[in-house]
C-alpha cells in the first residue's frame, strides 16, 4: 500500500564518507537506506559533510565547524571511515582520527554500542570452534567520555632529579556511571534481560565506585538480571563461552579492548556496525572497521558493516524498527545465497565486490516487498 505524500515523514541525515574506502561503502549504505525508506514509507534528506583526511586536505581541519554544525542540526549522523597512514606525521590535533573525538564531544555522545552477532552462514569464518560461536548475539556498551583517556592529571612530567614520569588518571563520577548504566539496562530490557557489568573492583577504587553505582541502578530494573565480572575474567569468558553474554557494560579502556576482542568472534571486523549515543540529539552510526586505504578505490571493500550501521541508525535514532529488520534480513538472505566479499570469502562461495554486494542487498530488499528501489548509481540527495 502506498503512503500519501503528505503523510511521509522526512528525516535529515548527515553523511560523512571520510577517507579510504569510506566513499565506496557510503554509496552502498545510502542506497540501501533510501530503498528501505521507500518501502516503509518515510524519506531521508541527505546532507554531505567533510571529515577526517578529506576535510584536512580541503580546509586544514579534520572536523570543520560547518561539519559539526551540520551534524548537530540533523536527526542522525551516518559516518563511514576516517584515517590514512599518510597523515601519521601530522600534529596530533590535525590527524583525521581526532575528528571522531571532536564529533563525539560536540554531540554529547557518551555511550558506544557494538552489537556482535554471527550470521549462521559465517560460523566457519571465526577462528573459534563453530559450536562455540554459533548463535552469538551480544552487545558491548562502552562508556565513551570518562575513564583513563580523559582523566586529569595526564601527561609526561620531569621531576626535580630530571627523571621523566608518564601519568594518566582513571576517574569516574557517580553521574557518569549512572547514565551509562541506565543505557545498558534499557537495552538489556529490550533484549534477553541479562546485563554483565565489567570492572576491576578488586584493585581499583574507581571500579569499586562503578560497581556500587551499577548495583544501585539495578534496583530500577528488577526485571533485568545483573552480574559482575572482573575484566581479566571477562576477557577469558568471551573466548571460552561467548553465548553466556547478552549485554556487557563497561568503562572506556576496558570497553575499547573487550569490544575489539568480541568483534573478532565473528571472523571479520568488516561485518560489525556500531552506534554512539547521547542523552538526546543525533547519534553517530559507523562501521567498526577502519578506512583500509590499501584497498581504497578497488571495489574490494565489504559494505555490510556500513549497511548494518544504517539499520542501527533506523532503530535507535529514527525509531523505525521495521525498516531496520528489513535491512538485517536482506543481508542474511544475501549471505545465504553464497555471496561474499574478499574478507569473508571461502571456497564454494561467489566472490563479489563492494558495489555488487550492495546490488545484491538491494535485490534482496526488493524481494521482500515490490516497491521502487534505490540504485547505487543515484543514492538519495
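Glycine too: its Cβ is placed from the backbone N, Cα and C atoms.
Within its own chain, residue 232 (substrate binding site) has 200 as residues 6 or more apart in sequence whose C-beta sits under 8 angstroms from its own. Under the three-state DSSP scheme, residue 232 (substrate binding site) falls in the helix class. The annotation substrate binding site is assigned in Swiss-Prot to 104, 114, 142, 232 on the grounds of sequence analysis.
Taking all protein chains in view, 15 other C-beta atoms sit within 10 angstroms of the C-beta of residue 149 (site 'Important for catalysis'). If you look up Swiss-Prot, you'll see 149 (among others) marked as site 'Important for catalysis'.
Under the heading site 'Important for catalysis', Swiss-Prot lists 200 (among others), citing sequence analysis as support. The number of other Cβ atoms within 10 Å of the Cβ belonging to residue 200 (site 'Important for catalysis'), over all protein chains shown, comes to 21.
The Mg(2+) binding site feature in Swiss-Prot is assigned to 232, 256, 260. Secondary structure from DSSP puts residue 256 (Mg(2+) binding site) in a helix. In sequence order, 142 constitute the residues six or more apart from residue 256 (Mg(2+) binding site) in its chain with CB-CB distances below 8 Å.
A coil conformation is recorded for residue 296 (NAD(+) binding site) in the three-state DSSP classification, outside any helix or strand. Residue environment of residue 296 (NAD(+) binding site) contains 17 other Cβ atoms, counted within 10 Å of its Cβ in all protein chains. The feature NAD(+) binding site is assigned by Swiss-Prot to 290, 291, 292, 293, 294, 295, 296, 297, 298, 299, 300, 301, 302.
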Three-class DSSP secondary structure - residue 104 (substrate binding site): helix
Candidates 104, 114, 149, 260 (recorded positions) - the one closest to residue 292 (NAD(+) binding site) by CA: 260
Distance [Cα-Cα, Å, rounded] between residue 290 (NAD(+) binding site) and residue 149 (site 'Important for catalysis'): 20
CB contacts for residue 104 (substrate binding site) [other CB atoms within 10 A, all chains]: 17
For NAD(+): widest Cα to Cα gap among 290, 291, 292, 293, 294, 295, 296, 297, 298, 299, 300, 301, 302 in Å: 16
Among 298, 300, 302, which are recorded as binding-site residues, the nearest neighbour of residue 104 (substrate binding site) by Cα: 302
